Amino acid sequence: PPPNPEGTRQARRNRRRRWRERQRQIRSIGAWILSTYLGRSAEPVPLQLPPLERLTLDCEEDCGTSGTQGVGSPQVLVESPAVLEQGTKE
């Protein structure tokens with residue numbers, strides 16, 4: 001969580017500085033884990049989604065029932081590219 005906004009100006013400044021340093025360290029550790037163990041960069045890969053017109057809900061079950069039954073799962077009518085394989089090195 002972000003630092004507490006209480007205290008003197010100097011105390012707030014020090015807390016913000018320490019918090020930013022912790023966030024920087026967390027990001028660098030995450031990038032190291034991604035590059036070392038998963039073989040990909042920490043930069044986000046753009047996710048390619050199909051157009052909304054090609055999405056449909058599979059409603060073979062009763063759609064009028066309550067709860068999670070009958071909701072169906074979104075299905076893509078055309079083949080989508082293998083997005084997950086883009087970030088791997090072979």
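Note that Cβ sites are derived from N, Cα and C of the backbone, with glycine treated the same way.
The feature region 'Disordered' is assigned by Swiss-Prot to 1-22.
Annotation comment: Swiss-Prot describes 8-24 as motif 'Nuclear localization signal and RNA-binding (RRE)'. Same-chain residues lying 6 or more positions outside the motif 'Nuclear localization signal and RNA-binding (RRE)' (8-24) and placing a CB less than 8 Å from one of its CB atoms are 2.
Residues of the compositional bias 'Basic residues' (10-21) grouped by DSSP class, helix first, strand second and coil last, total 12 helix, 0 strand, 0 coil. If you look up Swiss-Prot, you'll see 10-21 marked as compositional bias 'Basic residues'.
What Swiss-Prot records for 47-58 is motif 'Nuclear export signal and binding to XPO1'. Along the motif 'Nuclear export signal and binding to XPO1' (47-58), the predicted structure has mean pLDDT 80.
Swiss-Prot lists S66 (among others) with the feature phosphoserine, giving similarity to another entry as the kind of evidence.
According to Swiss-Prot, the feature phosphoserine maps to S73 (among others), an assignment based on similarity to another entry.
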